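K.L.:
Before we start, here is the structure in question, set down as structure tokens.
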């Protein structure tokens, strides 16, 4: 399993754009640029509006700010390498730089999962215990939740780069994506990767997997509470406050689960499908989340319109 019985670690990896469509990369970059621009402007707009609007200084919008910051981080992690390939065919990335990018992509993904769980908890408290909502989720509590989310992501993923650095690698250095992903790097090794597979699976199930289970549980309790409400109008009004969050959960978790399954079990999946699922996972949620919340949240929509009118005046 080692090359000539010696330890080998490549100085760099070669990233892949969209397989089979390399000749069209310049044209493909146009929708990618549009998505990145929407994600950057949209999330910055969300942060600006929440900061400037005193009435939005509530737990729900604090968690939305965390989600916007996380989405900005994901965009900034993948934008340089993705557009570098599409525009300049810059496929090479140093070994340590690749591990660094991978670490931050995974941390931000785990943080986004945890923030979505915190938002589900906020909706459960707001619907089930509306009179106690402000006393349970105080500003201090929200800050503590945010710090706990960051620490959990950083600590749980800290061993991953070191587990990859201990491996010896084959001469093949071509990755499957235009960014660095743990299973992708791991599969290039010419060593026993059981520890990496086991640790990666345990961390994924104990963080993102548990987050998803608790989100589902939160909505089971929310639906149970909503059913007990007196009128149909009250039921619809309560559920309407959850629509944006449900959309954000689906947009994030469906492609993430799909990509994880492809890397672990999809040996015969075409490279093009693998690539498209990966881009959907990392680019679509940051671009769609601001749109979803701007459309469905009347408070954000009204604050945005007020800001635009002030600029015109």
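Including glycine, each Cβ sits where the backbone N, Cα and C put it.
Below are the features I grabbed from TrEMBL:
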TRANSMEM  24-50  transmembrane segment
DOMAIN    42-293  domain 'G-protein coupled receptors family 1 profile'
TRANSMEM  62-88  transmembrane segment
TRANSMEM  100-121  transmembrane segment
TRANSMEM  142-164  transmembrane segment
TRANSMEM  197-222  transmembrane segment
TRANSMEM  243-264  transmembrane segment
TRANSMEM  276-295  transmembrane segment
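Thinking about packing and proximity, how do these listed features fit into the structure?
P.N.:
Under 8 Å from some Cβ of the transmembrane segment (62-88) lie the Cβ atoms of residues 15-17, 25-26, 28-29, 32-33, 36, 39-40, 43-44, 46-47, 50-51, 101, 104-105, 108-109, 111-112, 115-116, 118-119, 122, 139, 142, 146, 149, 178-179, 248, 279, 282-283, 285-286, 289-290, 293, all in the same chain and six or more residues away from its ends.
Sequence-distant contacts of the transmembrane segment (100-121) (same chain, six or more residues past either end, CB-CB distance under 8 Å): 60, 63-64, 66-67, 70-71, 73-74, 77-78, 81, 93, 145, 149-150, 152-154, 156-157, 160-161, 179-182, 185, 207-208, 211-212, 214-215, 218-219, 245, 248-249, 252-253, 256, 282, 285.
Within its own chain, the transmembrane segment (243-264) is flanked in space by residues 67, 109, 112-113, 116, 119-120, 123, 181, 183-184, 187, 197, 201, 204, 208, 212, 215, 219, 273-274, 277-278, 280-281, 284-285, 288-289, 292-293, 296-297, which lie at least six positions past its ends and keep a Cβ under 8 Å from the stretch.
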K.L.:
Mean pLDDT for the domain 'G-protein coupled receptors family 1 profile' (42-293), as a whole number?
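P.N.:
The predicted confidence over the domain 'G-protein coupled receptors family 1 profile' (42-293), as a mean pLDDT, is 90.
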